[in-house]
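Among the features that Swiss-Prot reports, topological domain 'Cytoplasmic' is placed at 1-25, 227-502, with the record citing sequence analysis. As annotated by Swiss-Prot, transmembrane segment applies to 26-46, 204-226. Annotated topological domain 'Lumenal, thylakoid' per Swiss-Prot: 47-203, in sequence order. According to Swiss-Prot, the feature domain 'HAMP' maps to 227-280, an assignment based on sequence analysis. Residues or ranges marked as domain 'Guanylate cyclase' by Swiss-Prot on the basis of sequence analysis: 320-451. The Mg(2+) binding site annotation in Swiss-Prot covers Asp325, Asp369.
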Amino acid sequence: MGDFCRRVDCKAMKFFALRSSIRTQIMASTTLLILALIGAIVTVWAKSESTLYHQEKLNDAKILSKVLSSTYANEVSEENWSQIRLNIDLLLRENEDFLYALVSDSNQKNQIAASSPDEFQNNYIPDIVSLSVTNAAINSSEKTHVVETFILRDIYFADKLRAKRGEKVMEVSSDIQTLSGRKLGKLRIGISLRKVNLAVTNAVNQALVVGFAGLNIGWICAYFLAQHLSDPVRRLQISVAKIAGGDLQHRADIHSRADEIGALATSVNEMSAALQISFNKLKKTLDSFERFVPNKFISVIAPQGIENIEVGAASTRRMTILFCDIRGYTSMSEAMEPIEIFRFLNDYLACMGKAIDEAGGFIDKYIGDAIMALFDDGNTDCALHAAILMQQALDKFNDERSMQTGKTGLPRISVGIGIHRGTVVMGTVGFTSRIDSTVIGDAVNVASRIEGLTKQYGCNILITESVVRNLSCPESFSLRLIDKSVKVKGKDEAISIYEVKA
């Protein structure tokens with residue numbers, strides 16, 4: 001169960017590691033949202049400001065163009081070009097937004113009769129704007145024609161650079177007419193859009209400042225929101241990791257929230273409680289199973305866990321085998337009722353089993369009243385300790401049995417114990433729906449035969465030469481050679497046997 005929990009814990013931590021945190025997602029989403037809002041606000045603001053300033057500039061230009069056209073009507077009709085030149089020259093000096101002013105004479109095929117700067121005078125087509133702009137201005141049927149274009153070369157006025165090539169300009173053209181409506185000429189004024197562009201740029205900068213402030217405020221709000229949402233999730237993650245690690249008594253402490261996270265924490269706690277109940281049941285089942293198949297046996301035939309046990313799984317080991325049998329059990333059982341035999345055996349086996357457990361061995365199987373126990377190869381001394389403890393426990397069992405029944409005349413129970421060391425095969429037999437564990441090998445048969453010799457030689461505990469040779473502290477036991485050459489059934493070679501004094 002520990003390996004299973006570690007695998008679950010590892011998978012859970014990998015899962016959480018692959019996911020970006022909620023705090024990061026909220027911060028990133030908020031940032032993108034704020035940036036999108038800032039972009040939209042700046043775009044709308046810039047367009048609005050640009051439209052507003054352009055409209056103001058356009059209205060002012062139209063009014064000025066109409067006023068000047070009306071003013072210049074008399075001068076044009078009287079061909080007072082010098083006065084017109086003075087007026088438009090003064091206009092450019094007073095207002096730097098005006099880049100050029102052109103007055104053409106319809107009687108002279110739209111030749112420019114007055115201009116400022118004066119370099120365009122007497123030209124038909126000025127080279128400061130494209131030909132299409134000039135044609136549109138001259139041929140327009142509108143009283144006031146407005147177009148935005150780019151100047152084609154640098155413009156100087158009063159020996160100073162007034163505009164650079166490529167600068168955007170708004171050209172307003174109006175007809176110069178008599179009161180009767182006869183067309184006398186055309187007034188064209190080029191107005192710089194620098195201030196309009198500067199105003200739009202300032203508006204965009206202001207919007208960016210406001211947006212940046214909003215972004216900072218949004219980040220702060222998003223941080224606290226992310227903190228509010230992610231901290232419970234992080235604590236819940238830690239709780240889940242602890243539960244996955246096997247701490248089924250752990251509970252997520254997020255009861256103060258009444259939202260989905262609180263509901264999730266409640267579900268996790270309910271899951272943990274259910275898992276704890278299930279694992280407790282499983283542990284009881286495994287503990288009960290170990291009473292049928294010892295854990296040491298399972299570790300040999302199913303090292304990867306009992307869930308992976310298969311029919312035919314086997315392992316060869318050198319072990320010390322102990323057999324114990326009640327002498328005269330058949331005649332004794334004939335004088336007892338079946339239920340009395342059942343109770344007697346349980347009491348007796350419990351007494352013997354406790355001694356074996358204390359000595360570090362484990363019981364492989366019960367064969368009627370006989371007990372077969374196993375000890376690891378390095379614990380041969382423990383097998384002898386177990387035999388001695390079993391004899392001592394049996395004496396106590398006999399005394400208690402006599403006291404409980406109140407019949408002091410009951411015969412005392414005696415047992416024979418045989419111990420041998422050798423190679424055995426531990427494994428499973430059966431088929432898929434019914435599996436049993438077993439230990440087989442010549443060493444098992446020899447141990448059983450040695451136990452049978454205890455009655456013949458009148459000894460309680462007999463061991464073989466292989467056991468004596470593998471003792472770590474033989475001086476700790478009282479050993480006596482009984483027979484150095486005895487043949488047991490099923491063995492061709494004679495073996496030596498020793499008595500162990502309890």
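Positions of Cβ are set from backbone N, Cα and C atoms, glycine also.
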Remote residues contacting the transmembrane segment (204-226) - C-beta distance under 8 A, at least 6 residues beyond either end: 22-23, 26-27, 30-31, 33-35, 37-38, 41-42, 45-46, 49
The domain 'HAMP' (227-280) [mean pLDDT, rounded to integer]: 76
DSSP state at Asp325 (Mg(2+) binding site), helix/strand/coil: strand
The domain 'Guanylate cyclase' (320-451), counted residue by residue under DSSP: helix, strand, coil: 67 helix, 44 strand, 21 coil
